[in-house]
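Engineer: Here it is, the structure, as structure tokens.
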Amino acid sequence: MTDTNVLANSATDNQETTHFGFETVRKDEKVHKVAQVFHSVAAKYDIMNDLMSGGIHRLWKRFTIDCSGARPGQRILDLGGGTGDLTAKFSRIVGEKGHVILADINNSMLNVGRDKLRDSGVVGNVHYVQANAEELPFPDNYFDCITISFCLRNVTDKDKALRSMFRVLKPGGRLLVLEFSKPILEPLSKLYDTYSFHILPKMGQLIANDADSYRYLAESIRMHPDQETLKGMMEEAGFEQTTYYNLTGGIVALHRGYKF
């Protein structure tokens, strides 16, 4: 085999593999592995969110809503919206003339979210769609705002997903990415590592009977692009005036970009 063939085969291998936590897997395999994680945790997802963050995730999401610019009558996509925390808030903001779509690739998460919102009386202006972020099944220039909350790190091809989000946003529309990121203080980073890799899996085992899924959660956070890298990825996808806000010392970051 020639050197050229070796390089070509290597390039093909690189295109076909990605990371699942710290593990290198084929891209199609990651889709199935991530699906298994969220099928497993869906029923206990809200309880674990409160326990893992001490309830602070509610403040992060409230800040996201405040930065969204959502107004009555607008169309909002809550992508990877899971159990519907943001959807419920957007539903009240956009009102009867507005429209919120809760989209998630995982039907278990989508079912939990739909049942929770309907039980809470959130009906009428909310619809549910099972969709892949990389290939959104919506028209061009359709949404006024898209949020993707604690989901992007699980997407296999993040660049493709960002381009897909850009396509379905209206000119003047906003994308907000709320995601775990990189702590900006070294002491906090060390403490967070200890919590993530030693305490979090034990909590997952105790509450959800699933340590492995929460070990993946910790690993997926470490493999996710840092704040500046994600900002650059959004700009490469076409977003402008892209900024980010570090929340809780950078444990979480909110990125916002516009389509013009």
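We count from 1, first residue shown onward.
Keep in mind that glycine also has a Cβ here, set from the backbone N, Cα and C atoms.
From Swiss-Prot, here are the annotated features:
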BINDING   Thr83, Asp104, Asn132, Ala133, Ser149  S-adenosyl-L-methionine binding site
Engineer: List nothing but the largest Cα to Cα distance in Å, as a whole number, among the residues Thr83, Asp104, Asn132, Ala133, Ser149 that the record says bind S-adenosyl-L-methionine.
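Structural biologist: Overall maximum Cα spacing for these binding residues reaches 17 Å.
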Engineer: Counting only other Cβ atoms and using a 10 Å cut-off, which of the binding-site residues Thr83, Asn132, Ser149 scores lowest?
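Structural biologist: Looking at the binding-site residues Thr83, Asn132, Ser149, the Cβ with the fewest others within 10 Å is that of Asn132.
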Engineer: DSSP on Asn132 (S-adenosyl-L-methionine binding site), three-state: which is it?
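Structural biologist: For Asn132 (S-adenosyl-L-methionine binding site) - judged by DSSP and reduced to three states - the answer is coil.
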Engineer: Which ones in the same chain are close to Asp104 (S-adenosyl-L-methionine binding site), with CB under 8 Å and 6+ residues apart in sequence?
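Structural biologist: Correct list: Leu79, Gly80, Gly81, Gly82, Leu110, Gly113, Gln130, Ala131, Cys151.
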Engineer: Including all protein chains shown, what's the count of other C-beta atoms within 10 A of the C-beta of Ala133 (S-adenosyl-L-methionine binding site)?
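Structural biologist: Counting Cβ neighbours of Ala133 (S-adenosyl-L-methionine binding site) within 10 Å gives 24.
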